[in-house]
Amino acid sequence: MHRSISIRILITNLMIVILGLVGLTGNAIVFWLLLFRLRRNAFSIYILNLALADFLFLLCHIIASTEHILTFSSPNSIFINCLYTFRVLLYIAGLNMLSAISIERCLSVMCPIWYRCHRPEHTSTVMCAMIWVLSLLLCILYRYFCGFLDTKYEDDYGCLAMNFLTTAYLMFLFVVLCVSSLALLARLFCGAGRMKLTRLYVTITLTLLVFLLCGLPCGFYWFLLSKIKNVFSVFEFSLYLTSVVLTAINSCANPIIYFFVGSFRHRLKHQTLKMVLQSALQDTPETPENMVEMSRNKAEL
């Protein structure tokens, strides 16, 4: 039994390292292009910060998994506490970024005149700064009440209350993501003034879908199910391994989505990574007139 568990842990950590290296490369490319090569807009600022959060999140995963593989034992608890604290911070920040992207996109479609005329110029930058501060605050409170992997806090009511509070916050963000996504879908397919499909909309939709499938369930496990051990003790270890792999997949998938959407129906031999990413964030419908204009712009790059 112990040998079987050790093999499962080894395989899981190897998968995380492989996924992490792929994700690190992709997120680093996205971050570099958005920071230095592309003109930033409201949505690209969120994507830039999301790529940074995913990059650091995967880096934490790789460090923890590599130490597990090399030592074949539980790593130093102080180091793991710090690493886990940072991972929770990055996870919450990434979820907040996705929620902000979804809300911003919904406002741009539902209230286009207000969005273009009255939206403050630096809203995205201010929102990203507030998201990092809020995520840090939640993480500090969580560590204060729970101490994370320290077993002496297992029966602490303050820790349990903080877990339920954090889970309620995750559920609130889940509702925000669902409502804003459904509103966009309704605007896309229903009504007289239907929204025209753009690559930016496809990029955001696929990113949210991957997070809902791979990222959000893991948050519920980390903050809620792992604390109710009397009910979930039989499945706890398997759920933990699954949650870790799924979070790695989620952070690894975003750059792949950007480059897939950006290169779809385009000839790759004439496309640079900069052009592909720019195309993935394109918020204009691909009518024949727009296609001609975009071809001219790309030729000038």
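Using N, Cα and C of the backbone, Cβ positions are placed for all residues, glycine too.
Keep in mind that what you see is a predicted model, and the values were worked out from it rather than measured.
With respect to the membrane, ARG8 and CYS117 are recorded by Swiss-Prot on different sides. Sorting each residue of the topological domain 'Cytoplasmic' (37-42) by its DSSP state yields 2 helix, 0 strand, 4 coil.
Taking the topological domain 'Extracellular' (225-240) as a whole, pLDDT averages 59 in the prediction. In summary, the transmembrane segment (204-224) does not lie against the transmembrane segment (129-149): fewer than three C-beta pairs, each 6 or more positions apart in sequence, are under 8 Å.
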